[in-house]
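**Student:** Here Swiss-Prot flags Cys371, Cys374, Cys393, Cys396 as Zn(2+) binding site, drawing on similarity to another entry. Residues or ranges marked as compositional bias 'Pro residues' in Swiss-Prot: 22-33. According to Swiss-Prot, the region 'Disordered' annotation covers 1-247. Residues or ranges marked as region 'Zinc finger-like' in Swiss-Prot: 371-396.
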Amino acid sequence: MGTENQGYPNFPARPASSPFASAPPPGIPPQSGGPPTGSEAVGFRPFTPSASQPTRPFTASGPPPAPPVGTMRPGQPSPFVSQIPGSRPPPPSSNSFPSPAYGPPGGAPFQRFPSPPFPTTQNPPQGPPPPQTLAGHLSPPMSLRPQQPMAPVAMGPPPQSTTSGLPGANAYPPATDYHMPARPGFQQSMPPVTPSYPGVGGSQPSFPGYPSKQVLQAPTPFQTSQGPPGPPPVSSYPPHTGGFAQRPNMAAQQNLHPNYAPPPSNVQGLTEDFNSLSLSSIPGSLEPGLDHKSFPRPLDGDVEPNSFAEMYPMNCHSRYLRLTTSAIPNSQSLASRWHLPLGAVVCPLAETPEGEEVPLIDFGSTGIIRCRRCRTYVNPFVTFTDSGRKWRCNICSMLNDVPGEYFSHLDATGRRMDMDQRPELTKGSVEIIAPTEYMVRPPMPPIYFFLIDVSISATKSGMLEVVAQTIKSCLDNLPGYPRTQIGFITYDSTLHFYNMKSSLSQPQMMVVSDLDDIFVPLPDDLLVNLSESRTVVDAFLDSLPLMFQDNFNVESAFGPALRAAFMVMNQLGGKLLIFQNSLPSLGAGRLKLRGDDPRVYGTDKEYALRVAEDPFYKQMAADCTKFQIGINVYAFSDKYTDIASLGTLAKYTGGQVYYYPGFQSSVHGDKLRHELARDLTRETAWEAVMRIRCGKGIRFSSYHGNFMLRSTDLLALPAVDCDKAYAMQLSLEETLLTSQTVYFQVALLYTASCGERRIRVHTSVAPVVTDLGEMYRQADTGSIVSLYARLAIEKSLSAKLDDARNAIQQKIVKALKEYRNLHAVQHRLGSRLVYPESLKFLPLYGLAITKSTPLLGGPADTSLDERCAAGFTMMALPVKKLLKLLYPNLFRVDEWLLKPSAAHDDFKDVLRRLPLAAESLDSRGLYIYDDGFRLVLWFGRMLSPDIAKNLLGVDFAADLSRVTFQEQENGMSKKLMRLVKKLRESDPSYHPMCFLVRQGEQPREGFLLLRNLIEDQMGGSSGYVDWILQLHRQVQQN
């Protein structure tokens, strides 16, 4: 097929571009180093701190007064705060509360120690005393100004290990085998999990490779960066009632946490352009403690970067192209200090909101305007010179002629007079109609070919009936009418071909039993035009479930059937949809029952379980890609099916894997119907290739996702749609970049379903900087996490799971250590974990990646098929969907359901995300867990019976595993169903199944919800607190 570069077998080497001035460091006026090229006439502006990164000199002038001897150290907890987790509990009194549920088995109480007397001092403590603390609601910790250290007080042994969680629930036992959906959307066996909320001191298993240590809590604030004074924080403390005057609170004056302590006097004039977690020591303990409630959490979801929206308004939207940092390093040495991924995530066909559609451009007889040297498409960043007769390429600086039909005069500023009528010169994203020279054959029609397993498991589970009904219901909505073509092959131990010629009234079935030498009968009548043979196709789909309802064949000749489908499709290409119910057992591609062998895990051969066993599958994928055949795999078996091998077909053809373990039409039917219908009816780009170009001195060195790499930088995508994203890493080819900006252009050449050959073009620009701090400030957590997840999954295919998880942790440690070194000279960092505002969620997302299904635990935590299916899915997800899967939504809905319903439901009140921790759950509440692939309704044990009865009907008191969630005839149930519908419609690419679970129903509660509370410790993996402590310890190591 054609490529973008007609007449040019490979792109030429990118020539030298005009020199540009290097970007100055933030806060220093840029020095002129020559005129820049491109439409941007100014160089990179110094970074202006946003509201989230305020900077302001300290208000105090001069050194602070020397504190009197005998006062407390800054790290000591205030005697007023005696109920902070990990500190000494108060002696028993009338105000003591029972420990929370999910506590230690047997209900062992906390070990209690006497409180020390308040040290003698003439100065009052800073800040008013907190109110009494209720169980589960901790008061913010407090600290004092820096004072002379006092002799440590012997505190005795630390408190006994405890766990905490929800009222009234016990630690759930390990499960055996339950076929519930795993994340994402896969059903998973219940692992042995011992819940323990990390906010409470306890003996916790550490991250693999690190010793288990006692983690205690201390009053340590989440240190915010300084900034201009804002509204004073609302305090929950009562007025101070002591008999002495209260000192002014410096932290309140600067809108900081009350625990804030000023740096030494010699740096009073400096600002802290970073965030930090302040880690202090508990007296009598060698471990630091943390206030887990102040940890950063992405409760607002993914926030797309817009730091350069004003400077570069013509950049394409970040939904199409997201760089890991919007500041490109100017040298290899600077790039080597950036330990985070340097690259981008591209989603070329991302869905656009109404009113923001990509403009369609037809250059007509003029031909597409491209650079003669680097083949860049004309875009908003090219410049016109010589009175409009020449234009300069923004990527290679080549001076090109302007065709006569495209000529326009320039105004006094050098701007074309017809600029407003040229979307390609004002929009960062455009779609261009390609002329015939971009085709090596006529555009292919949309082709849908179905390869369906009809063995006994397919018929008994109801899969065959659901698939046939769904295909028939979508025939009128298949893209490309009236050019669309369709065909079918079914198989068990033999192959069944179907002649659907339009002249027939009923389809003719032809059976081929020779699996070694495949013979395709009537090849011209197996793939037919849908509009011409619609009657025959309808008759076939109506009769398909009945044809095999009494089939007891258990064999699967999948390999021969795949070869037969390839032989039918290789003339035109198209989309091949495979429905597989069992392990391939006959003919080519026959697979063994590998399963999960516990003896292999932890050895050098462990990764072999997660890659294709037979090279047949990768070779077939390569052949299909060559002939423009994209493959989507639907797998259904509750037994081992070897998704690692089957998924290879989707991986290298730009497709995706759908996994329904233990499929039963009564349970999973709706999910299959919606996802298959979405696959069939969404707009698809056929026979596509994608290339991303960038300026001189840099190149994209590696690509990650579902595709076949045709050359060093050309991605072959037989079928691509809006639900596919691709990640890539960037490297510097030159020691020093001389340009002031770097340009990126993504070009997707494809055939639209209507038969037009089109080119989707996205162009963006980023400044080149000399300051590592600026790279951190302009970092995009979403893009970094997307690359990290793909790299970790790929590493798990060549190394142990422990190695893949440790690699994530080490990358984050190196990045935080390098960032700490930037500020270690100017600021006394002490025991603070320092990080930029832009990366405040990176540690939590890193933890979530290590707990995701592809990397989770070992063989007892998830099945091999579930692990591999999740990996194939995550490799193709766009940024927003991946972040939601890693840190799902948790909402409380019972209070909202009790409110009177308005004419139009306002979901803002209910869609307030909660931290993913057991502490967020109240036994009196009703919660919804949503990761984009499933919905879990968690009914607290003490939830009002009226609410449960309204939502569940007469079965409200029964075992919820046997209750079907459906709408009841009352307003509360209808209101909840509207909310569920809204959550499903927010992302139509997958259809989340809805599961009901009641508090204490084990092991379902542990599997469906508790094990997915990322911030809690589970099954040997770290909780959020322990993870932060591990990062901090390693960052401080030399």
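A Cβ is built for glycine as well, from the same backbone N, Cα and C atoms used for every other residue.
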**Student:** Go ahead and report the DSSP secondary structure tallies for the region 'Zinc finger-like' (371-396): helix first, then strand, then coil.
**Tutor:** 3 helix, 7 strand, 16 coil
**Student:** Long-range same-chain neighbours of Cys393 (Zn(2+) binding site), Cβ under 8 Å, sequence gap at least 6?
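**Tutor:** Set apart from Cys393 (Zn(2+) binding site) by at least 6 residues yet with Cβ under 8 Å, we have Cys371, Arg373, Cys374, Thr376, Val382, Leu399, Asn400.
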**Student:** What number of additional C-beta atoms lies within 10 angstroms of the C-beta atom of Cys374 (Zn(2+) binding site)?
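**Tutor:** Taking every protein chain into account, the count is 21.
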**Student:** Note down the number of other Cβ atoms within 10 Å of the Cβ of Cys396 (Zn(2+) binding site), including every protein chain shown.
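**Tutor:** Around the Cβ of Cys396 (Zn(2+) binding site), 23 other Cβ atoms lie within 10 Å.
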